[in-house]
């Protein structure tokens, strides 16, 4: 049985390699804008993860494989913060997160192409930022680390200096909650 990661994220690839030695990466072309946030964080990220996994399943014709889709988003005061479109949006995101608690949700969808079975779940982690002044935000943005990251920061990089507290799974904030993924794959009979 082949394991396939439906993601372009180098962070997810790196994390998955801690659980599984050999897997294939197939980038999903799923249109993330087709999923509209309707107030339920867990539902939103699971729909995105499932969309990515389904898209990759369609690309894999006649192959026995298990496809892993994942999506991570930041939520502040009931609003979703995805990946910033530009440096200005990144600045506003970090300014909003400054001194506040926010939730990071990851949705996971695992599809078994042979059994035509899908398992979905999510993980929530609460993160509290220190107060960050404009100068610090601008210096951080110059590093370019904010690109392609929900909420415009990477906890595993320099963005981690903004984090005052974390409650929940650290790997969820990085982009792939390993404990949840391990339990889901084990529950599907995948030997890890």
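Note: Cβ is positioned from N, Cα and C throughout, glycine not excepted.
Some features that Swiss-Prot has for this protein:
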- 71: active site, proton acceptor (ACT_SITE)
- 11: site 'Important for substrate specificity' (SITE)
- 72: site 'Important for substrate specificity' (SITE)
- 156: site 'Important for substrate specificity' (SITE)
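Everything Swiss-Prot records as a feature, shown here on the structure.
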| residue | record | DSSP class |
| --- | --- | --- |
| 11 | site 'Important for substrate specificity' | helix |
| 71 | active site, proton acceptor | strand |
| 156 | site 'Important for substrate specificity' | coil |
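Spatially, by CA atoms, the recorded positions 71, 72, 156 include one closest to residue 11 (site 'Important for substrate specificity'), and that is 156. It is 156, among the recorded sites 72, 156, whose Cβ has the fewest other Cβ atoms within 10 Å in the structure shown. When Cβ atoms from all protein chains are considered, those within 10 Å of residue 11 (site 'Important for substrate specificity') total 18, not counting its own. When the alpha carbons of residue 71 (active site, proton acceptor) and residue 156 (site 'Important for substrate specificity') are compared, the span between them is 17 angstrom. Around the Cβ of residue 71 (active site, proton acceptor), a 10 Å sphere holds 30 further Cβ atoms from the protein chains shown.
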